[in-house]
Amino acid sequence: MKIKVLLVDDEAQFVETLAQRLETRGFVVDTALSGDRCLAILKDKDMDVVVLDVQMPGRSGIDTLKEIKKLRPLTEVIMLTGHATVETAIEGMKLGAFDYLLKPTDIDDLVAKINKAHARKAEHEERILQATISRITQKSGW
């Protein structure tokens, strides 16, 4: 099954170019030009990985990250910015971001991070499934 990625950045040309590059590498890609649009998409769709710009007008990347983790706790988020500060990186990681990359980023680095983030999400989903199966079998006396 293909990895579903949501790209979120207020720079339309950047998002379009990056989406095309990821699609050629086999990812299913949706895009959003704002944090609010990102959250609207996530209300209707389960995405594996969100690549999220930190600096956006309106709802910031950090605020969007907080809401993503409330809405879809297992979705992994990679923070992406051209305006990195150590403080912002630390804050994002504390709030549950999988990782943090600087723009411009090498496409191979981003692809590697997306694959690692997806693997972590799949691992968490498998643990939840196994715990659920264990509870059901214990309750039914198997």
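We number each residue from 1, going along the chain as drawn.
Every residue gets a Cβ built from N, Cα and C, even glycine.
Keep in mind that this is a model prediction, so the values were computed, not measured.
Listed features, source TrEMBL:
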- 4-118: domain 'Response regulatory' (DOMAIN)
- ASP53: 4-aspartylphosphate (MOD_RES)
Over the span of the domain 'Response regulatory' (4-118), count residues by DSSP class, listing helix, strand and coil in order.
54 helix, 25 strand, 36 coil
For a quick check of packing: other C-beta atoms within 10 Å of the C-beta of ASP53 (4-aspartylphosphate), how many?
25
